[in-house]
Amino acid sequence: MTRNVEGRDTKHSSILEQFVGQVLSHVKAKQMHSEIQAELLDHLLNETESGMDYGMDEAASEKQAVRNMGDPSVVAAQFNQVHRPKAPWKLWISVLVWIAICVVGLFAVQAGNPQDLYRLSTEGYAWRLVPGGVAFLFAFWVGYQKLQKGAVWLYSLTLLLSILTIFLSLSINGQSFLSIGTISINMLYISPFLVLIALYSMSGDKFVKMHRPTLFLALLSPPIIIYLADGRLLQLCTYLCGVLVVGKLAGWKWGYVKWAACGIIIAGGLCYGFIERLRLLVHIRIGNWLHTLNGSADISYLQNIVQQILREAGWFGHGIGELASLPNVASDNLSIAIIHMFGWVGGLIMLIALTIIITTMFRQARLFRDPYAKGLGILISSMMAVHSLLYIGGIIGIVPINGAGLPMLGSGGSEILLWMMLLGLYSSAHWNKDMIPVLKQ
């Protein structure tokens, strides 16, 4: 039997459309209305065709299809059950456990070193969590979708603030900080992550797709120059690893990778050739690293102390006590202090807790319906893994980097602000993962 489907849709679908409208009036996920409407109409039209195949006229078949669906509120309740907010409880609980580990470590440091006023207290860490919590809620409230629309602004603003950090900087422990009144922000620590998110968000833009080689060279190079100009080898390595992740998510072809590599080499070569401070830093850092790999005693003081603590900690550590020999213990090296006090068992607990956070984020992100949200979740979890691996590689001496610190495990307010903001963005994507229609890219 042959029927004109388009004619039936326009002439006899008032009953079906009325039913669908009643269902949608009870569906809370407004952004899903178009997708649900198409799904319901498709099902109802199939049911109508089936009834007509058994000899029913079209109007009767439509009424039968609507009756078979049941009450509109019941149908809507089923959609509300599926398309509802999904809180990432496992991730949130894991993060709270991770924060608890940090608090315990800081409390132990404070208890063993009460005379040292320069070591961060648990109270100070708690106060730093307040702006971190605000950043989490702000990112969660704004949502990841607005981030995609404002990617160009995010990239431009991040680059501008990074440049201002170098030229109008406040130097703290040899590193440039952005000073805003009495507030100092480690902008160059934050910027690689923001730039990478902006680059990934812009990768789907039509204009960017049309001019990929030229724009890749233009967009990839400035951050490299900025990090090298300030001697930020950690941020440079983080950024370069992140570029690989972004390229994979964006589906870069080999030709684009060659353009990216060209931009990286040119920017790095120019900085190395013109910045004497950078050449000196690279020579010292690479020299110390090679001595570490060769097992030589001629390595940096910090590296020597860290290696000694890792070797002598034992399974259960030395207990709470004096830590005067370990520099910056409350910030970059709190994990080392925890291993010193609680031994290799304490280190394993940290690794397990951090691994749970990263793998939870990665696995859940792969289930997101929205392709952009999926890529963003994978990028954030991957960068947390990259940052952690660079730090671990640095303290055991297999990469020429030190002073990274594990995510949120330390004193830096900028670090806490960054990771809480990224967790807020991720949580926003997870919260809306079943409430956003799937868009074709």
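Note: Cβ is positioned from N, Cα and C throughout, glycine not excepted.
These come from TrEMBL:
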type     : residues : note
TRANSMEM : 91-113   : transmembrane segment
TRANSMEM : 125-144  : transmembrane segment
TRANSMEM : 151-172  : transmembrane segment
TRANSMEM : 178-200  : transmembrane segment
TRANSMEM : 212-227  : transmembrane segment
TRANSMEM : 233-250  : transmembrane segment
TRANSMEM : 257-275  : transmembrane segment
TRANSMEM : 334-358  : transmembrane segment
TRANSMEM : 378-399  : transmembrane segment
TRANSMEM : 405-426  : transmembrane segment
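Here the transmembrane segment (378-399) touches the transmembrane segment (178-200). Their Cβ atoms form 3 or more pairs under 8 Å, with each pair 6 or more residues apart.
Contact check: the transmembrane segment (405-426) against the transmembrane segment (233-250) gives fewer than three Cβ pairs closer than 8 Å, residues 6 or more apart, which falls short of the contact criterion. The largest share of C-beta pairs under 8 angstroms with the transmembrane segment (125-144) comes from 91-113, of the ranges 91-113, 151-172, 178-200, 334-358. Below 8 A, the CB atoms of the transmembrane segment (91-113) and the transmembrane segment (178-200) form no more than two pairs separated by six or more positions in the chain, fewer than 3 in all. Sequence-distant contacts of the transmembrane segment (151-172) (same chain, six or more residues past either end, CB-CB distance under 8 Å): 178-179, 184, 187-188, 190-191, 194-195, 197-199, 201-202, 205, 219, 222-223, 226, 229-230.
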